[in-house]
Amino acid sequence: MPSCAYCCSCGPKMPALQLLFLACLVWGMGARTAQFRKANDRSGRCQYTFTVASPSESSCPREDQAMSAIQDLQRDSSIQHADLESTKARVRSLESLLHQMTSGGVTGTQEVQEGLQGQLGALRRERDQLETQTRDLEVAYNNLLRDKSALEEEKRQLEQENKDLARRLEGSSQEVARLRRGQCPSTHHPSQDMLPGSREVSQWNLDTLAFQELKSELTEVPASQILKNQSGHPRSKEGDKGCGVLMWVGEPVTLRTAETITGKYGVWMRDPKPTHPYTQETTWRIDTVGTGIRQVFEYSQISQFEQGYPSKVHVLPQALESTGAVVYSGSLYFQGAESRTVLRYELNTETVKAEKEIPGAGYHGQFPYAWGGYTDIDLAVDESGLWVIYSTEETRGAIVLSKLNPENLELESTWETNIRKQSVANAFVICGILYTVSSYSSVHATINFAYDTNTGISKTLTIPFKNRYKYSSMVDYNPLERKLFAWDNFNMVTYDIKLSEM
């Protein structure tokens, strides 16, 4: 190195110069990781240069690739520049001592040696500090490069996800637009007397849930093939309107299949005593999976029910419990969530007209049917009106049957049976007779008990009842159509029945 050559030319026989030569060798060994160079510039002034090589880069990065990191390194470089100036000052002091030695001979050699040793030790410490700081800067720089690469990769992934989401949204929008172009026009408009805000909520639910409804499929027998009369659904023969005892239940006929998970079990119904503006075709449906169940889908026409286009979505002011709801004379009757209260909700005005506690009735899992589902309180309709099926602590889980006033929900009459509620899967009433289903999952279930409120006598039966889809969560009787309505594992089905004369 030039600095070493300069030192050695001053006289190798002198001890001080030998020590300085040793310092030059030590300095040269340290130059493997850093270089300290001394040279004259164009104007003849002496300049000292300290150089550090990058351990990982063959060339310097562009300014636009690591501007932030470079700015940080520049701040650290200014600190090191100050340290370097201090080192230069010490070197100048060392040169001054050498000059004294060369001009003054051997005089004061001991003092000069001590001064040189002190200066050499200080220079070594300065060099070690600078090397440590340089390594720290290299590590920090490498970390910044890694962080920059990671951020760029994350940005690329987010951009790709954004493109995928935009593509999916566009596809969904096109599908919804296509489906809506074929949607049946709504024929029923919300009442002007509906609860404040319910119109907006109903419309919102129609927009978001109709798309799921559109995916529902008809299976087994198309509903259009079994709708034989002008009104759009089967009717009893004119001479077959009298009451009787249940003798036979036909094969299940599937009208609709719900695809969404909320359709695992639920309740669907038509009004056996319809009032304006509703007709014999108007159908209601409630998916009862989950909690906070408040949505009631209304279909004004059979075709809307077939195709999955609700004409309206009611939002109940209070959540309902399980699958025991019925529609009768223009009102929806249901059990309030986690309570023994039965409510009457007038569908046309969207208002609660009456509510009443069923005295002592078990609720929320105390006395459900065999399949569970919080089916403690089950409402039913027959030729004579509205009924409620439940149990109490006093009857130790046996079924209690009460006749309800449809206007104010007062109990008019009550019967206690000897049929344990949790031993049967479901129950319904025909002509004042309570019938129970033996199993909710067996394909070869039976109508196994009957309790006659006219005589107070119960008896066992073995009328075949097929659970085709092996999870019947609701069975109700419609006296207008003389059919059983059921919800069997996502499927809305009906059963023809035969009654004998009483």
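Just so it is clear, glycine is given a Cβ too, placed from its N, Cα and C backbone atoms.
Swiss-Prot lists 1-31 with the feature signal peptide.
According to Swiss-Prot, the coiled coil annotation covers 82-183.
What Swiss-Prot lists as domain 'Olfactomedin-like' is 242-501, and the listing cites sequence analysis.
Mapped onto three states, the DSSP output places C243 (disulfide bond) in coil. Per Swiss-Prot, the feature disulfide bond maps to C243-C431; the stated evidence is similarity to another entry.
Around the Cβ of D378 (Ca(2+) binding site), the same chain contributes T323, G324, Y369, V388, I389, Y390, N426, A427, each under 8 angstroms and 6 or more positions distant in sequence. Residues or ranges marked as Ca(2+) binding site by Swiss-Prot: D378, N426, A427, V475, D476.
In sequence order, N426, A427, F428, V437, L484, F485, A486 constitute the residues six or more apart from V475 (Ca(2+) binding site) in its chain with CB-CB distances below 8 Å. Scoring each of the recorded positions (A427, C431) by how many neighbouring Cβ atoms lie within 10 Å, the top position goes to A427. A mean pLDDT of 95 is what the model gives for the domain 'Olfactomedin-like' (242-501). Listed in chain order, the residues near the Ca(2+) site other than D378, N426, A427, V475, D476 are G324, Y369, A380, I389, F428, V437, M474, each with its Cβ within 8 Å of the site Cβ centroid. Packing around C243 (disulfide bond) is summarised by its Cβ count: 16 other Cβ atoms lie within 10 angstroms of its Cβ, all protein chains included.
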